[in-house]
Amino acid sequence: MRIVFAGTPEFAAEHLKALLDSPYEIVAVYTQPDRPAGRGQKLMPSAVKALAVAHDIPVFQPQTLRNADAQAELAALKPDLMVVVAYGLILPQVVLDIPRLGCINSHASLLPRWRGAAPIQRAVEAGDAESGVTVMRMEAGLDTGPMLLKVVTPISAEDTGGTLHDRLAEMGPPAVVQAIAGLADGSLQGEIQDDALATYAHKLNKDEARIDWTHPAVELERLIRAFNPWPVCHSTLDGESVKVLAANLSTGQGAPGEILSASKDGLVVACGDQALSLTRLQLPGGKALSFSDLFNSRREKFAAGKVLGQ
């Protein structure tokens with residue numbers, strides 16, 4: 001079977017690795033154009049491109065798939081199937097129709113819940129009990145196609161956006177390989193999604209990461225986990241930015257953002273309802289540290305009565 005793979009970040013690269021180890025032929029890889037990254041803003045290839053180049057697979061990086069030249073280029077590959085994972089470009093219907101068996105997508109949620117760009121983080125933020133990967137047939141709508149296969153994992157009280165991402169990146173690739181086999185032998189039939197159950201996972205916005213201490217502690221604790229490792233929740237103290245990488249629910253009352261107490265166990269801050277004990281922070285110019293380490297060296301900075309977010 002001739003497969004074209006389309007994807008961009010590390011999550012997608014894990015899927016490509018599994019396909020390279022499968023019996024199927026990967027005839028080409030599509031990925032986003034190289035982007036500036038790092039302090040030097042040097043153009044860097046995507047994780048998928050780096051993997052494809054290492055395996056001598058032809059790489060295509062069109063700005064869009066909406067023009068006739070890009071579509072003709074894809075059609076010339078004569079693909080039986082296109083596998084799409086976190087690619088980042090919209091595939092118009094004419095592109096979806098090119099492969100003999102159509103296009104399938106590995107999406108990091110239990111569809112129809114969390115269609116869209118940031119399903120992993122939104123699941124943690126919402127306090128969902130479980131997440132997973134859905135392999136679906138693609139159609140013109142955003143993550144609306146018939147579902148071929150689902151794999152499920154519980155979301156623990158300790159899961160972050162990062163830990164859930166890594167777990168789903170392990171679960172998704174074998175599911176895709178299994179789905180391809182089911183498509184090839186006709187044993188897998190798609191299940192239509194119930195649009196009434198759909199929710200939308202909006203793209204992450206850095207502005208969302210600014211902590212609003214008037215919100216309930218339980219919501220903020222989930223947000224802090226969801227946004228770790230990116231974009232990382234933050235607040236201000238003494239006019240300086242403070243990144244908050246981990247927190248636990250605590251008790252206590254005070255003005256939102258007020259420091260209620262500080263000890264090696266954590267920095268207890270009042271919220272709109274209850275309080276949070278901040279256990280891992282990063283100050284400007286420093287690395288992320290447990291609060292017990294910060295407390296030993298910067299005790300005066302975290303005096304009770306000070307207010308974060310002002």
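Cβ atoms are placed via backbone N, Cα and C, with glycine included.
Taken from Swiss-Prot, the feature (6S)-5,6,7,8-tetrahydrofolate binding site covers Ser109, Leu110, Leu111, Pro112, and the record attributes it to sequence analysis.
Structure coloured by features recorded in Swiss-Prot.
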residue : record                                     : CB count, 10 Å
Ser109  : (6S)-5,6,7,8-tetrahydrofolate binding site : 24
Leu110  : (6S)-5,6,7,8-tetrahydrofolate binding site : 21
Leu111  : (6S)-5,6,7,8-tetrahydrofolate binding site : 27
Pro112  : (6S)-5,6,7,8-tetrahydrofolate binding site : 20
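According to its DSSP assignment, Leu111 ((6S)-5,6,7,8-tetrahydrofolate binding site) is coil.
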